């Protein structure tokens, strides 16, 4: 009886809570990975420079290609608009397939995370294999998790509700960053290794438990006429066919790409999101540099470390408020407001100058928090694009994972452009080359900055001024570009309501929706 009560409590959890918990099991691993993997291989395993850059180059290519590759392999059977016959998949079966994939790939992600912290091969080979394995499983988990957001709910309100719990659990998962400081020690790596084992075991078991709960919810939808865990918009409890046999005519990759090229809102969205991804990674890459050259004389090293940790947690907490605004005003209006806020704060900081330290500190923190928060809201926009893609091309099932993968393919180059363009602009303006004088550790370091070599007195003001203009002019430029591209995006208001209505009409037997219990 003692075991029955916790089990009954778990089975009674709302679907949105179970779905959101998957973000926790990813976040507790990924934030620690981002902070420490570079420092581990450079400082602990002593990887040489050539092996490091070869690994990063291969990783860059793999990271760009695996999203559309895995999305295509997952969803290509859903693309045909032709009627199909024979044995097929119901909407429930599609969701079950995604949940089953998460049940496999989640524990494998945890296992690949462990492979970073134990030396088992030459450093260069281990670096390459670990990065590719980890990113591959992370991509599979992210694609299916995001695809479920589009498959479990259709209404904007319910998708916002699902995303609310993702942000809540992601914020909780980000606390692993703070805990990691107590264990990180490059000289004695055993305690940090044990900490990572604990995280990996917790994450793997969490994925197994959460996916089992989701699977039971979806299977109960067929047996329970009331569908207590999941509400059926139009007949999920039945077994209507969505996807037929492989003998039916399938769409080719070339035809799918041509359809995307005609999808106007998709093109405007990825143009805007490319700038957003660039800005997010620019902030991540240069956050330690800005702290060092603009604030290090006025704040302690421990304060900088706390600011770095808070910068991982605050966007998730802030996103909870943004999501409440989305329910009231819609995602389009909130995102547009955030772009205007970014532009206004940047112009204010530019006019104030680098000597207003309290305003500067607030701007550095808020710039990262609001930018990261915007990135997290854009997942909701992609789910709307999934709906529009289904309606425009009369698909038998929404190709959610594939569309998320195609968005990633177009926008991930922003990750590469951010450090390249940032270092080039700094060198162009100040003559200071970060590659020749390493003033900061990589963002993956546990410590935001080491003691830098003292620059010549004449250089210091120029470098500080260059960092300041980089800090404010990049957000201004990004905001202007994004306001233009976002103004061309029409999937909001009446058009969005029309798309939602048409999707319901086209797929009355296909759509799951979340019941808030």
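Yeah, the Cβs are placed from backbone N, Cα and C, and that goes for glycine too.
What Swiss-Prot says about this protein:
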- 1-11: topological domain 'Extracellular' (TOPO_DOM)
- 12-43: transmembrane segment (TRANSMEM)
- 44-55: topological domain 'Cytoplasmic' (TOPO_DOM)
- 56-74: transmembrane segment (TRANSMEM)
- 75-100: topological domain 'Extracellular' (TOPO_DOM)
- 101-118: transmembrane segment (TRANSMEM)
- 119-126: topological domain 'Cytoplasmic' (TOPO_DOM)
- 127-151: transmembrane segment (TRANSMEM)
- 152-155: topological domain 'Extracellular' (TOPO_DOM)
- 156-179: transmembrane segment (TRANSMEM)
- 180-191: topological domain 'Cytoplasmic' (TOPO_DOM)
- 192-223: transmembrane segment (TRANSMEM)
- 224-264: topological domain 'Extracellular' (TOPO_DOM)
- 265-292: transmembrane segment (TRANSMEM)
- 293-305: topological domain 'Cytoplasmic' (TOPO_DOM)
- 306-325: transmembrane segment (TRANSMEM)
- 326-330: topological domain 'Extracellular' (TOPO_DOM)
- 331-350: transmembrane segment (TRANSMEM)
- 351-358: topological domain 'Cytoplasmic' (TOPO_DOM)
- 359-393: transmembrane segment (TRANSMEM)
- 394-402: topological domain 'Extracellular' (TOPO_DOM)
- 403-429: transmembrane segment (TRANSMEM)
- 430-466: topological domain 'Cytoplasmic' (TOPO_DOM)
- 467-485: transmembrane segment (TRANSMEM)
- 486-517: topological domain 'Extracellular' (TOPO_DOM)
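Nonlocal intrachain contacts for the transmembrane segment (359-393), taken as residues 6+ away from its ends with a CB within less than 8 angstroms of a stretch CB, comprise 79, 81, 146, 149-150, 154, 156, 159-160, 163, 167, 170, 259, 263, 265-266, 269, 273, 276-277, 279-280, 283-284, 287, 290-291, 294-295, 299, 307, 310-311, 314-316, 318-319, 322-323, 326, 331-332, 334-335, 338-339, 341-342, 345-346, 348-349, 352, 399-400, 403-404, 407, 471-472, 475, 491, 496, 499-500, 502-503, 506-507. Only pairs six or more apart in sequence are counted, and the transmembrane segment (331-350) with the transmembrane segment (467-485) gives three or more Cβ pairs under 8 Å, enough to call it a contact. Comparing 101-118, 127-151, 306-325 for CB pairs under 8 angstroms to the transmembrane segment (265-292), the maximum falls on 306-325. Recorded stretches compared: 101-118, 127-151, 306-325, 467-485; the one with the most Cβ pairs under 8 Å to the transmembrane segment (56-74) is 127-151. The stretches the transmembrane segment (306-325) and the transmembrane segment (156-179) are in mutual contact, each linked to the other by at least three Cβ pairs under 8 Å (pairs 6 or more apart in sequence). Touching of the transmembrane segment (12-43) and the transmembrane segment (467-485) is ruled out by the presence of fewer than three CB pairs under 8 A, sequence neighbours closer than 6 excluded.
Under DSSP, residues within the topological domain 'Extracellular' (152-155) fall into helix, strand and coil as 1 helix, 0 strand, 3 coil. Sorting the topological domain 'Extracellular' (326-330) by DSSP state (H, G, I as helix; E, B as strand; all else coil) yields 4 helix, 0 strand, 1 coil.
Confidence in the topological domain 'Cytoplasmic' (293-305), given as mean pLDDT, stands at 68.
Remote same-chain partners of the transmembrane segment (156-179), defined as residues 6 or more beyond its termini with a Cβ less than 8 Å from a stretch Cβ, comprise 16-17, 19-29, 31-32, 35, 149-150, 195, 199, 309, 312-313, 316-317, 319-320, 323, 326-327, 330-331, 376-377, 379-380, 383-384, 496, 500, 513-514, 516. With DSSP states grouped into helix (H, G, I), strand (E, B) and coil, the topological domain 'Cytoplasmic' (44-55) comes out at 8 helix, 0 strand, 4 coil. Helix first, then strand, then coil: DSSP counts for the topological domain 'Cytoplasmic' (119-126) stand at 4 helix, 0 strand, 4 coil.
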